[in-house]
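Encoded as structure tokens, the structure appears first; notes follow it.
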């Protein structure tokens, strides 16, 4: 695989480069689709693990449902990135990235409708509406929608990241700013999504969502997904109309899409042999970081409902306590997103001052401390005397919310720095930005597969609950932090304004 010239090449002279320098305000609009995508993702993270347990899947197997996310991401995001790299910019009136962004958004809209109405569709397929019964039809419909939702998420976010990388022309500073904009919109989508999930009165605003097969909690979820579609359509239109895609790139891939194309998987995995040590370090730290994040993503609100509020989604006598905990967890995730947004604003200054590697490493160690704090809170709550149907002590709830909030800072860094570092370091390998984002995605989804497969056995091995997964998360985050501090550059990537390695 040939290296491309460090100047960007492709016959584009200085004038073309000047034309391609997109104003920051247009980069801001180009990143806005992250708000719509993340709104639905926030609902997925906060509400769907509890909801699938309501449908009848046991807690020990709930993590297996999330396998569809990393498995679809394992192929969908690299494939979409590869295909968008190969499209000649002039071949489509929307360029080469925006058609995939629009198609992914349409998939998300179809998916959330399927998930939201899964209980009603399950009733059509013969499900019982008796409380506590397993609804096989609804589970099947839910799984189809869940898979489609993850495919849509991967098909949208990958091309959007590559779109931003194209617009910034691999300038490290502008790339970090563009990814910070993306993180800022993700934070806004998170805030809106988690606030929507924390509100329990949507069924009153949309009374048609309550049906014999869809209880109040189900109707609230259904209403939230209807709001998601509105926000997704608006933000997708803003992104697609924001800026014209560059007509010239640093590689001749797009100019000759029908020649010299290697088989996709061979190109994806074969590119590994060209990676330098710094690229491998970025991928290793990314993998360890996501081994840390995924247990929290899977079980954050479930942890609040089970361990803190002592409820259960499959025991009618304490179901209300569980839902109260889930809503409180959604509120905590909303606070998390506020800090995420603030961190996204100041992240560029932090990287300039301390270096991207050090900032990333310190954030991972902070993650580890937060997960250890969750284990301590779990232990303290378990040994306190309050009834399952009662309200947990205020101190325990506040401590849990503080941990949820603090985790917003490292989450903002996870959403930004790995992508910026990958974009600036992989460019000279002869890869398009779409495939580069797909390769980074492998370092995200493979750890998610490991956690999804391991969470159930860890749960059963240690007597149930979410503590074992959080212990693994703490260890992986701490190791990832040390590797980032010792193995990634501190100042070099932050001090360079232009050019390539």
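Just so you know, the numbers here start at 1 and follow the chain as drawn.
Cβ from N, Cα, C; glycine included.
Taken from Swiss-Prot, the feature topological domain 'Cytoplasmic' covers 1-31, 77-98, 157-176, 244-278, 349-356, 416-433, 489-501, and the record attributes it to sequence analysis. Residues or ranges marked as transmembrane segment in Swiss-Prot: 32-52, 56-76, 99-119, 136-156, 177-197, 223-243, 279-299, 328-348, 357-377, 395-415, 434-454, 468-488. The topological domain 'Extracellular' annotation in Swiss-Prot covers 120-135, 198-222, 300-327, 378-394, 455-467.
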*Pull the DSSP breakdown for the topological domain 'Extracellular' (198-222) and write it out as helix, strand, coil residue counts.*
15 helix, 2 strand, 8 coil
*In this predicted model, what is the average pLDDT of the topological domain 'Extracellular' (455-467)?*
68
_Result, the transmembrane segment (223-243) in contact with the transmembrane segment (177-197) (3+ CB pairs under 8 Å)_ = yes
*Decide whether the stretches the transmembrane segment (279-299) and the transmembrane segment (395-415) have at least 3 CB pairs under 8 angstroms, with pairs required to be 6 or more apart in sequence.*
yes
*Do the transmembrane segment (223-243) and the transmembrane segment (99-119) share at least 3 Cβ pairs closer than 8 Å, excluding pairs fewer than 6 residues apart in sequence?*
yes
*Thinking of Cβ pairs under 8 Å, which stretch from 99-119, 357-377, 395-415 has the most of them with the transmembrane segment (32-52)?*
99-119
*Beyond the flanks of the topological domain 'Extracellular' (300-327) by 6 or more, those residues with Cβ under 8 Å of it*: 45-47, 49-50, 53-54, 56, 58-59, 62, 131-132, 197-200, 217, 333, 374, 377-378, 381-382, 386-392, 396-397, 400, 404, 465-467, 470
